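Asker: Taken from TrEMBL, the feature transmembrane segment covers A:6-24, A:36-56, A:62-85, A:92-110, A:144-161, A:182-208, A:220-237, A:242-260, A:266-286.
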Amino acid sequence: MVDWPVVAAIVLTIVTASTPLLLAALGEVVAERSGVLNLGVEGMMAIGAVSGFAATHATGSTFAGVIASAIGGMILAVPFAVLVINLSVNQVATGLSLTLFGLGASAMIGDKYVGVPGIKLPQLHIPGLSDIPFIGPVLFGQDGLVYFSVVLTIAIGWFLTRSRGGLVLRAVGDNHDSAHNLGLSVLGVRWAAVLFGGACAGLGGGYLSLGYTPLWTENMTAGRGWIAVALVVFASWRPARVLVGAYLFGAVTILGFHAQGMGLAIPSQFISALPYLATVVVLVIISGNKAMLRANTPACLGKPFVPTR
Amino acid sequence: MRSILMVTVAAAALAMGATGSFAADKLKVGFVYVGPHNDGGFSERHDIGRQDVEKAFGDKVETNYVESVAEGPDAERVIERLARQGDKLIFTTSFGFMDATLNTAKRFPNVKFEHATGFKTAKNMGVYNARFYEGRYVAGVIAGKMTKTNVIGYLGSFPIPEVVQGIDAFTMGARSVNPNVKTKVVWVNTWFDPGKEADGAKALFDQGIDVLMQHTDSPAPLQVAAQRGGFGFGEANDMIKFAPKNQLSAVIDNWGPYYVKATQSVLDGTWKSEAVWGGFDSGMVQMAPFTNMPDDVAKVAQETVDKIKSHQLNPFAGPIKKQDGSVAVAEGQTLSDKDLTGLNWYVEGVEGDLPK
């Protein structure tokens with residue numbers, strides 16, 4: 001006997017848990033495909049979360065909150081872009097400090113929002129369709145950002161492989177010298193990619209403080225930015241695999257909780273570590289295979305570009 | 001890392017403050033928090049205690065605090081800084097500050113130290129904790145009365161004795177008024193991650209619970225209870241704002257009375273190193289108002305509080321059966337404090353295995 005309403009509720013929980021990872025990881029895919037490794041995702045998510053909460057609190061509109069969270073993440077990406085793209089500062093170190101800065105700054109901005117109940121993103125309700133058992137709540141009863149994240153996955157997949165812009169982006173990420181010699185603006189493309197990554201991470205953070213748990217507290221991202229970074233590697237820089245990976249990571253956590261509730265003896269510590277373990281395994285598989293390594297990893301990832309002229 | 005930076009800044013600021021003001025006649029009392037002073041939960045409750053000290057003594061006492069101190073080597077530097085700047089009584093308010101406090105206490109024999117929730121003491125270092133399980137027993141009584149499905153949920157952080165005490169007390173409280181109740185437990189392996197806490201709570205509600213008790217810090221599980229039309233309890237703080245129609249009560253950490261008492265004894269020169277474990281009777285544990293329940297349930301809850309307070313009722317008095325039905329505590333006996341601090345088994349009525 002399958003209890004369909006319960007299965008639907010579980011699927012809904014998984015989608016909610018996965019969406020912030022998906023949004024943030026999609027942005028990171030674009031940034032890394034252009035050759036920029038941004039380890040500041042956690043910080044940009046935190047800023048996105050607090051911006052979204054603050055804007056919703058001020059205006060009463062979750063839509064304004066969603067927009068503000070994207071803008072917040074993007075703003076935090078600006079100093080990062082200046083440092084690593086224009087001044088060729090080490091990307092790893094700058095990204096790490098961006099995370100620290102973002103977490104600290106978000107705590108400061110969010111000081112007065114601690115203990116204030118938030119407003120939840122409204123869920124779609126289409127009369128008739130949303131009431132169909134199982135399919136209704138899963139397909140027609142989510143909030144807007146969930147649908148947006150799926151559309152964004154498809155759009156980025158199309159952009160990277162089917163559009164001229166995507167070709168330029170990948171060229172910049174794979175060989176910035178050649179791209180430069182072809183007359184492409186390496187710095188311009190990377191700026192755009194980093195800003196886009198910031199906006200996506202901000203949205204992921206906004207989903208936390210508006211959709212997932214409508215509240216603000218310091219450190220509420222709780223390491224999700226790092227899972228998103230790991231997810232990009234796990235997905236070998238492909239948007240469709242990012243989507244699968246995000247849902248897989250979400251599902252593992254949620255099903256782990258259900259297993260506990262049903263009294264199955266799966267160590268919960270193991271479940272908590274699983275996303276990282278999975279990433280390590282994928283890294284081992286990728287790095288053991290030179291062809292795969294070449295095919296997937298942007299060749300200029302993490303390397304600064306200094307135009308000769 | 002961020003907390004290290006904050007601590008450095010805070011320590012520098014404190015150092016400057018210390019050179020600027022010499023109020024020798026005032027007793028300086030220092031506090032060290034593991035989180036921000038306004039985290040809405042654990043550290044905030046300690047800070048409210050600090051404010052109670054200021055209110056109680058006015059000009060006679062000067063308090064200061066350092067917040068977001070990481071547990072580890074940094075803690076020792078912060079505690080030492082407080083001792084050097086002239087604090088004569090220092091409260092270190094997190095379990096992980098234990099060794100740092102002990103080390104500093106050895107170097108500053110003239111300073112009194114009070115460490116929360118630990119188990120090591122010294123001549124000038126006392127330890128204090130609260131019997132929160134008493135409050136969780138009362139929550140269990142309420143849950144046992146309120147549940148329709150006879151399945152209630154417990155969201156656990158880490159499987160340590162303090163949390164197991166809560167699960168057992170909650171379950172025994174519920175079964176004292178409703179012997180058919182079962183408790184489902186989900187561990188999230190974090191004290192604080194609103195998203196994960198919410199996921200764990202959703203899993204419990206999906207499995208048929210209708211009343212949720214949490215031992216994690218954020219209001220997210222309570223929000224889930226509200227979304228699912230169930231009931232929940234606030235953690236450490238009254239969280240009624242997050243679930244005005246769904247919070248039944250909350251077990252409140254109330255450190256103020258203890259901080260005032262300890263400060264008074266230092267002022268009087270009567271302070272001595274003790275291991276204090278107070279419950280309702282000491283005022284350290286309080287219940288938030290009983291809301292969203294019928295009057296008769298609120299009445300039973302209040303009676304339970306009164307009985308525990310006057311020591312007519314002890315949640316861990318026998319007979320207590322373990323999960324497998326074997327007798328853990330015989331009739332007429334009570335589990336000792338030593339056994340309680342090492343508690344590692346579930347009572348009858350709790351489902352699932354305790355992670356080892």
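For all residues, glycine too, the Cβ spot is worked out from N, Cα and C.
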Asker: What same-chain residues lie close to the transmembrane segment (A:182-208): Cβ under 8 Å, and 6 or more beyond its ends?
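Answerer: Distant contacts of the transmembrane segment (A:182-208): 19-24, 26-28, 30-31, 33-36, 38, 40-41, 44-52, 65-66, 68-78, 80-81, 84-86, 121, 145, 148, 152, 168-169, 171-172, 176, 220-221, 224-225, 228, 305, 307.
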Asker: Against the transmembrane segment (A:220-237), which of these stretches has the most C-beta pairs under 8 Å: A:6-24, A:36-56, A:62-85, A:92-110, A:144-161?
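Answerer: Answer is A:36-56, with the largest number of Cβ pairs below 8 Å.
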Asker: Which one, A:6-24, A:92-110, A:144-161, has the most C-beta pairs under 8 Å toward the transmembrane segment (A:242-260)?
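Answerer: Per the Cβ count, the answer is A:6-24.
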Asker: Looking only at residues six or more beyond either end of the transmembrane segment (A:144-161), which have a C-beta under 8 A from one in the stretch?
Answerer: 15-16, 19, 22-23, 26, 29-30, 33, 66, 121-122, 124, 169-170, 200, 203, 206-207, 210-211, 238-240, 242-243
